[in-house]
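Report on the structure given below.
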Amino acid sequence: MSFAASLYEKAQPIWEAGYNHPFVQGIGDGSLEKSKFQFFMKQDYLYLIDYARLFALGTLKGNDLQTMSTFSKLLHATLNVEMDLHRAYAKRLGISAEELEAIEPAATTLAYTSYMLNVAQRGSLLDLIAAVLPCTWSYYEIGVKLKGIPGASDHPFYGEWIKLYASDEFKELADWLIQMLDEEAKGLSSKEKAKLETIFLTTSRLENEFWDMAYNERMWNYNG
């Protein structure tokens, strides 16, 4: 079993909980309230800005031209594919470009992005990959599962979201990261692998916190 496959196996209970979250299920059956999705898209827009920064940092940390090129492609896809989807949904939801740029991060968004940036800046290229991979990989899995629900990808509002994350193009992004992880992890000690596992499982859990934040439209638990 490859190292990435072993991480995938250990993360399955977390990812299953994410897929079964009422936010995700609401996208699948079309019942999710628009206000919850709007909250999600605003916070996810902020998230993607920092996610793009992580890919830019990956380009800097790359040890060879191929790695640098791969992270450059991931950066481009985030800025010009995922964020375009968010801007298109924002327009449909009546959110102006100015409003998008002025969004304040919720506590969960801040915790999630700060954790990844801290790991990536202080750690190695492998640490960075372990931090960003759960988002891309689990989103593709969710997209494929939701696409398997009859009529889900044809939904007039949520269908485009499902189709993007279930696409072959998005799978390619996840595959690049998986392949890099396995290649870079060759020869690591058990201790080094355990560190990467902790990072991978932590960001997997933070993904679920993000779904829950959006479903409850929660900025902060305490606003005093």
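Using the three backbone atoms N, Cα and C, a Cβ is placed for every residue, glycine included.
Copied from Swiss-Prot, the annotated features are:
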- C135: active site, nucleophile (ACT_SITE)
- E207: active site, proton donor (ACT_SITE)
- D44, Y139, Y165: substrate binding site (BINDING)
- Y47: site 'Increases nucleophilicity of active site Cys' (SITE)
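Everything Swiss-Prot records as a feature, shown here on the structure.
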residue : record                                              : contacts (Cβ under 8 Å, 6+ apart)
D44     : substrate binding site                              : H86, F210, A214
Y47     : site 'Increases nucleophilicity of active site Cys' : T109, Y112, T113, F210
C135    : active site, nucleophile                            : Y51, T203, E207
Y139    : substrate binding site                              : Y165, F170
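Taking the Cβ of Y165 (substrate binding site) as centre and 10 Å as the limit, one finds 23 other Cβ atoms among all the protein chains shown.
Neighbouring residues of the recorded substrate site, listed in sequence order and excluding D44, Y139, Y165, comprise E82, C135, I142, G143, W161, L164 (Cβ within 8 Å of the Cβ centroid).
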